[in-house]
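Q: Have a look at this one.
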């Protein structure tokens, strides 16, 4: 064909601008609770997108692309603003009547109708003489039918004529008939078989005939252009004639000349009718009044019909001649002719197929309101994120488990160190250096100078001796004062009324006795420290000599040098043939060399597999991290129960990563098993097994030696801690002794002054009275003095019991307390408190003679009857004796009860018990001793949790 058959295009709908921004802002503020101003740019983009699609474009591909984009954005917009109300004005494509609705569905249907119009125009303008143009025309006509089909299936209530089901259905029929026409043209152009062309032409004629019948129902309604009907009628007869013509050609080729002649007559008759209509159509067609048809539609159609009429006429005349002269076949009737088969028509291209194209997806671009995600989509996305997290956790757990198995297996097999040792055995490059443990190296750095320990031990002995000497001197001072008092009493009986010093010094003697007892226990702890130091001194000296000497000693031990090894190492543990390692045989060397190569190769493979596995896991994590299905969830928001299937299909994207991880884990386990078998095979060798045995013995000896050194280091730390605590104890005890000395001196000085005053008063009265002591009294006094001189003081009283105070109760000052005793007379102290710990400072809270007396304390009242031990006369209170001198001033004892300040300990707490007589301190936690202290044989620390020693011993630190 030299002329192209005209095609009908769908008329275009028209519209005016709408306001998208205001309704969208209202919905964002009301439904999403966000700031509408933050989406001003998105609203402007949507507004421009509509203007470009419906106003600025023509009938070219650019217009089609803009409409594709706008409709795609409408689909996404409806997922977020389904109930939005915007006024959409559209003019009817056939009646030009304005229709305005606020539904998004009306806007979408109008845009699809406009897309179908653009597609039909593209099909109409395509050059079908070119194969590519013919394909585009065929595709666009089918796509137009698909768009119109979507309108009929999804928009049931048409607000305008052009969107009504009947009109849309007719347009679909026209588009499908034109698609069949284009396909028939393609078959003719490609010179396909006559029977195939006949079937296609018959199908096209049938479709045009059906459309003509449908269009006749709209006659007089002013919907369709009447020129459409002329074109459709002409084409129906034209393709009917073509079908008969090509069928006749097929029958003639099959030898059915009579049937072929009848069909040619039918074809000629149909084309003659079409030619008459085409001739009249030329005079009635006005191109300007029918923009949906090409401007040359009448002429082109007339030329096509005329050309086919000529062909049919010539073919009929030739067939008549041939039949009359040659074939002489009887011509069958037209009714008896078999019907021509119809070629099944092509299906319309659906809108899903159009938008499923990657190029169309790119045209649509990203969602304009991508930042605005509905809450339901957020919830579904969270569920999907949790599914992804489960997948990642499962894979990570598998990888970590596999890595743990690999690491444990390598540690169990001692790889790769074991392979290096095999290589050393082969090369004879055995390392005689003995590796020392990190704990032992740290111990060497912490030992320091041991001479300080010896100095501290000597200082400890000196402090203890000085404290004991001073305590005994104080006891002697109290004894001397008591003897002097009794001597004066015997001499001046009965006028000597000074109270006995025994009750007043009971508390002082109790404190002195308790401190002496604690000092005895401390001496035991000091002896224990000295003994412990002597037992570990060789080991500590070795540790303090430095790392180089320590390594040298370790080598001496492993080499079995009896002159150099540590005395703590048993010579029975050393092998006389340690140095002479048994050489491997040649066969074992070859096997070992092969094992070294195999082991290295397997370790390299294992390393690569682990690296690849970790890299795949990282890629999986990154892929899952960047995966986002919010858009898919938004697109499938209207579907019910789609999430499980959607999630399952999306998670399948990560299946390749899971497969690679599983393969890596399986390969690593296989290599680990091979390494295990390799090590076991090497260890089965006789020579190698003997070497391993000796190496194990060597390591055992070194470990035992290190263990003994470490235990010595722990004991050294205990000694240093005990020395610090012991010296601190003696410092505290020295302060307590100093306070006791001051109290004893104050007490003896006061008593001596009181005696001098009393003796002076007695002698003055005797001189004034001219009397002298009776002979019996003198004799008695002399006898008493002799007995006192021979009297040996007993041991001081026992320390006070727990829970009692060591503070004696002094009488109140004159005028405020009882008047029947002197101010220097003190009641007996409470029962002594037994000492549970020699360094327990709790007994210093109420230190004896330093406390202010309590008025409620019991007072001693001497009986009025003569006493055999001291006086022979009744006691005369000082207030009733005019010759008795005024009582001496009351000693200025410390108030509140004496509690000397303790020096702060290093850690703020002292586990040592303070000396007896010291103020009680809050009980401090006792630190448990290390486990090896209880297991150490050969010595045991005294006083650990027991009485005596330095308050539980020096071991508690």
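Note: Cβ is positioned from N, Cα and C throughout, glycine not excepted.
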Q: Given 501-542, 543-584, 585-626, which one carries Swiss-Prot's coiled coil label?
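A: In Swiss-Prot, residues 585-626 carry the label coiled coil.
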Q: Of the ranges 359-403, 404-448, 449-493, which one does Swiss-Prot list as coiled coil?
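A: Range annotated as coiled coil by Swiss-Prot: 449-493.
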Q: Given a Cβ distance threshold of under 8 angstroms, which distant residues of the chain, six or more beyond its ends, lie next to the coiled coil (585-626)?
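A: That would be 388, 391-392, 395-396, 399, 402-403, 406, 415-416, 418-419, 422-423, 425-426, 653-654, 657-658, 660-661, 664-665, 667-668, 671-672, 674-675, 678-679, 681-682, 685-688.
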Q: What is the number of residues in the compositional bias 'Basic and acidic residues' (751-766) that are helix, strand and coil, as DSSP sees it?
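A: DSSP composition of the compositional bias 'Basic and acidic residues' (751-766): 16 helix, 0 strand, 0 coil.
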Q: Quick one: average pLDDT across the coiled coil (449-493), no decimals.
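A: Here the mean pLDDT over the coiled coil (449-493) amounts to 90.
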